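S.K.: According to TrEMBL, the protein has these features:
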- C:49, C:180: substrate binding site (BINDING)
- C:124, C:153: ATP binding site (BINDING)
């Protein structure tokens, strides 16, 4: 995909989000909840966040996509994720797995693999997390074996689905100095999946949007605190001109 | 109530909060906790937030008002709310119910009605939530039947207590693009109840303060991220001049 | 310690954090999680936050320091703190206790004393919390009896270890109008302990960094909302010149 067509596609998909206000249910950790909700709202989507075992199924029933972030894994949290994924798969709504810190505990790794067996549409992690999950396998082989899109974020965000691959080098180093930036990115992917006919195109749009918003935010901030606010402003203000001017593909 | 007298009353009540620093205990969801605490601090109140069953009673014993936000409802959370309301009613301190997402799950709706039977001073929700609770009943009849003040926030915030009604059209659309803005609004109501002889006047003051702060914030921001910060600044800087200049009543 | 040598020492230690990116595991409350993580990231450290009983030991095994904030105390939370402290003590990594609201419930007070018996390197609280814990004992006698460093934050931050005492009057009143500012301060102490040969010097550096960042932030903000963002920017931008110009010791 050339940079110009990626920018054009992303702008069109973001317009759809602003018109349809899709509902994204997010199972995520306490550190990331508020920023993730604000990123979704800034883009035009409607977040919900409840993670109680008693209610999660009803919320996913009414949602257009689901985000599952490993975040803080206690037993009720794991059970809520299983229930949510069950509803998503039964209803055919896409879900995104964000395997935060999967390399830090063996229980987390085991649980991540359990969830992956249930067929996420997208797995998004940083390079360390994706390398841990793929156990050294090449990322495109890993994606092909899973039948999922794999997004590995870093200096260049890489996106593969087994057949296609794209690298998006947009972004800014301050994105690594704000908590939940990656978690929010995964939520943006979930939002874009609700409006994209081609999930790969939806993922690429989300990653471009995040990267371009980061670049714009860096020009309107003086450190990681003002950057986080400016990033939400930039997501809210994205348009085809800004995306086309800045989009890069490698 | 005319706009001028509402503004005057609100300014006087906010001054009392800044002198007395009332303690507001908040049972709220993880998405809303930090922004709610910051809104209370910006106005001059002192928030506390613990929601553990073991401790919630001791915290409510020392509080001047209580906020109960349905937020994330798991069994310990429900039990904490019951215990907190028990203490509030025994001590005669006012409590505010925020029935977030009450229309999204039947268990949530049932639980909201259970809590309402215990006599909140104020129920604050958006128009969808209030319409769900009142089951199509007119909002003033609903309030009269409950003996509570009902606040339905929207483009125009409506406040009724069965005898009186007021509409406050202050505010800004960006308030809908920041998570927890409504939750924080309910906390401001709880704070104002601690200093108002007339609870209806306290509620009206809170809604005016929120709306005017939103308008001021919109003039000092470039999107939802900087708006959230500017909103807290504006709450902190409210005075009788700003309130009188902007207050509208319909 | 003179102001100039404190500033010099703090700048050198912060440089080490920026080079080593120490891992700080934080058990803290939902109100404080995001701001605490962002303060650590702004300084150059790497936060992690999971508090599940199942995983906390694995995360502390991989951490360079541990923060234990009493925050929301439910039974799983207390158990997670016990497990985390067990690992920290076995591995010899320093841990900081932040006894938030210890004066508000008797269960909280009892639990704080249980944890203190396990030997925190530092106890950091506001003046009310430290006075409650020390039960009227002079703060330096309290520190000597515990073999811990005690930091009591207020208009002047006081730091004692039984032999040494220092007062740092840097800071700004807006720090009291932003939630989790004290919790984040305790996390900064934990980060500085990982790079300081002398823990007392590490604590003093953290308190100076926080106070100076607060002063700089106040000059770049117009209320508590923009202050919180500017504070993170200021932490990120601290250098020996800014610290030396502003450091005060009494």
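Placed from the backbone N, Cα and C atoms, the Cβ positions cover glycine too.
Those TrEMBL annotations? Automatic predictions, nothing curated.
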S.K.: Take the binding-site residues C:124, C:153, C:180 and keep those with a Cβ under 8 Å from any chain A Cβ; what remains?
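M.R.: Answer, by Cβ distance to chain A: none.
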S.K.: Identify, in sequence order, the binding-site residues in C:49, C:124, C:153, C:180 that approach chain B with a C-beta to C-beta distance under 8 Å; the answer is 'none' if none do.
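M.R.: Out of C:49, C:124, C:153, C:180, C:180 lie under 8 Å of chain B.
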S.K.: So for residue C:124 (ATP binding site), how many other CB atoms are inside 10 Å of its CB?
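M.R.: Around the Cβ of residue C:124 (ATP binding site), 32 other Cβ atoms lie within 10 Å.
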S.K.: Using Cα coordinates, what distance in whole Å links residue C:180 (substrate binding site) and residue C:124 (ATP binding site)?
M.R.: 13
S.K.: Using a Cβ cut-off under 8 Å and a sequence separation of 6 or more, which residues in the same chain sit near residue C:49 (substrate binding site)?
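M.R.: Those within reach of residue C:49 (substrate binding site), by Cβ under 8 Å and sequence separation of 6 or more, are C:25, C:26, C:27, C:28, C:33, C:36, C:37.
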S.K.: Can you count the other CB atoms that lie within 10 A of the CB of residue C:180 (substrate binding site)?
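M.R.: For residue C:180 (substrate binding site), the count of other Cβ atoms within 10 Å is 27.
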